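Over in TrEMBL, the protein carries these features:
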DOMAIN    1-379  domain 'Kinesin motor'
BINDING   GLY41, VAL42, THR43, GLY44, SER45, GLY46, LYS47, THR48  ATP binding site
COILED    502-585  coiled coil
REGION    602-668  region 'Disordered'
COMPBIAS  607-625  compositional bias 'Basic and acidic residues'
COMPBIAS  649-659  compositional bias 'Basic and acidic residues'
REGION    734-763  region 'Disordered'
COMPBIAS  746-756  compositional bias 'Low complexity'
Amino acid sequence: QYSFKEVFGTLVVQKQLFDVVAKPLVEDLIRGKNGLLFTYGVTGSGKTHTMTGSPGDGGLLPRCLDMIFNSIGPFQAKRFVFKLDDKNGVDVQCEVDALLERQKRDAMPVPKTPSGKRQIDPEFADMINVQDHCKVEEVDEDNVYSVFVSYIEIYNNYIYDLLEEAPFDPIKPKWNNCNTPVRNGDFIPPQSKILREDQNHNMYVTGCTEVEVKSTEEAFEVFWRGQKKRRIANTQLNRESSRSHSVFIIKLAQAPLDADGDNVLQEKEQITLSQLSLVDLAGSERTNRTKAEGNRLREAGNINQSLMTLRTCIEVLRENQMYGTNKMVPYRDSKLTHLFKNYFDGEGKVRMIVCVNPKAEDYEESLQVMRFAEMTQEVEVARPVDRPLCGLTPGRRFRNQAFREELSRKLEMRGGPINGETEEQSVSEMFLQNFPPLPSCELLDVNDDQTLPKLIEVLENRQKLRQMLSEEFAKNVLAFKTMLQEFDSSVVSKENYIQGKLSEKEKTIAGQKMELERLEKKIKTLEYKIEILEKTATIYEEDKRNLQQELESKSQKLQRQASDKRRLEARLQGMERRVAAKQLEMQNKLWVKDEKLKQLKAIVTEPKNEKPERPSRERDREKPVQRSVSPPPVPNAPPVRLRHRRSRSAGERWVDHKPPSNLPTDTVMQPHVPHAITVAAASEKALAKCDKYMLTHQELASDGEIETKLIKGDVFKTRGGGQAVQFTEIETLKQESPTGRKRRSSPANPDAPADAADSEWTDVETRCSVAVEMRAGSALGPGYQHHAQPK
């Protein structure tokens, strides 16, 4: 299921589709706003039919043209009053220059624009015979309008002008009915056009033919002339498949009349140029269904690529608007999207008609088309602002026409050269008819004395009546002259009064114009200052960001250096401890060797005349054997001092991590850390408050006793904002039983030879003397504990 603003059934007529979709775009065009209308769908779904129509039922394009000319028909400017330049702009000419250019064009052998008086081509006469007479209700009557049309196609991502007049050369071949040249060797293909950007950042096609048209028939004839050049081909899905995107552009130039309402205001800033683009897209298709090969396959690839670019642009715009991102929209990847870049940036209203074919074979592609179209309607583009007012009095065109009609009527009343005589004759004839009729003037005989006297009497009466009428007419003329003089004097006084008022108004307007110019200059100055300040602020913000990045990098570098320093200090301390322990061990070994050497020397130097009898063990138990006195330690070797290391925990916070599984020990020496936070499980909150970390770990030693290890480390911050611990040293607290140590001695062997017994006795004697001398409280030096501890 897909949702759209409007869904039309299979029996919808063209007028209903036009009223809903295209009519608002035409109204915006006449009000000076831009519009863009797409027809989009699968090949063979009816896009070209929707845009062009069929005989007897015109499509959207002829209906748009008919509505435009019905609305601006009585307000159109003469040809060449508006003149388009080569940079997507428009200039206005005076009537004299426009007349000269019209005469110049009429003198040319081949007219550039089709004449509106020619017979309409019967091939498309039924398409433009629209009987609806639809028009825009509120059209600015004080403006003059001109319509310009152009027709281009985008084929294989190249832009071609369909209205370009190729010069006829009998040597060069022409296109045949299959859109291929007759002779490939001599054919010069049409040149593609280039897209450019004007000073208002709008895209336009350079060198494109733009024709000024004055009627619906003339405009559609230009369209039909270009339609015959459009590239179509026969595929498996459509007999006349469009192989290019066609764009029919309608430009409407409008400018206000001057203050008198006679001529166009000769100010380029007051000209408004709006544009309506009607785009018939080529159908998206799958080559495995169209069985395209060669050129058809290349065309299909370019068509699908341009439609994919259009979809990508819409998706990026939608993502930027929904999620606030600022991704670059890839307009330049296709000529189609690059040409209409401004519409998607907010320069006009965009409408899309999705044509769907209910064939089952088009099911999958129709789903893709509708999914894309449904996503497209979620993209909102900004609407352009209305054009500024010109500041002239509205309704001046009709007031000027009424003034002219009244002036001509007054001239006729005062006695024009032709109408005055006719009226005067009619008045005299009317007066003559009011005179008494003349009697019969026929004389019957010579003695007739009645006819002449009657005639004389009648003539005398008529003479008297004429004199009376002449006197009355003279009186009336005199009175009328007096009235005219009074009227003239009043008119002159009113004209003087009006002139005074007009001069005052003109002074006021001049003062207001000066004030406006001053304010505009002030606005420009302030805008320039604002621009400078914005650039300065941008530079400062960039410097600030660079300095912040540099500061962060420096701080991270300092943290790394401090961490490396602490790590090196910990390693150095560990090495010092290992060196001290090694020195102590070596000194102890050296002392033991010296002792052994001294004892050996005493035994060797002792006189051995007879072999002494080795006492038995029972005798040893009853009577202690007097052992030889051990020689004193060497006086030259100074005793090794135990290094007292000052605790580094002074003034620092510790995290004391004691797992709940630890057992309490009853040892006299217990770890005590001041200013410590005791936790059962390490947490980031506790680590953030402290500098040191200590873990109490218990394990069972090989002799069955509990061995407690205090694992210490430093706490430092990581780049991601967390905490990390680097372990530096381990302290061990262990309990041992003094009675649990076994005495190592070899059993007596009576069959051993004498020298073996001597050596065994010497070894036991030596070991016993060492064991006695190494008991607790002995003054043999600080290394006895280390040596007496079993390895």
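Any Cβ shown, glycine's included, is placed from N, Cα and C.
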THR43 (ATP binding site): tally of other CB atoms within 10 A of its CB:
23
Would you report the average pLDDT that the model assigns to the coiled coil (502-585)?
94
If you count Cβ atoms within 10 Å of each one, which of the binding-site residues GLY41, GLY44, GLY46 comes out on top?
GLY41
Over all shown protein chains, what is the count of other CB atoms within 10 A of the CB belonging to VAL42 (ATP binding site)?
26
Ten-angstrom check, please: count other Cβ atoms within 10 Å of the Cβ of LYS47 (ATP binding site), all chains counted.
23
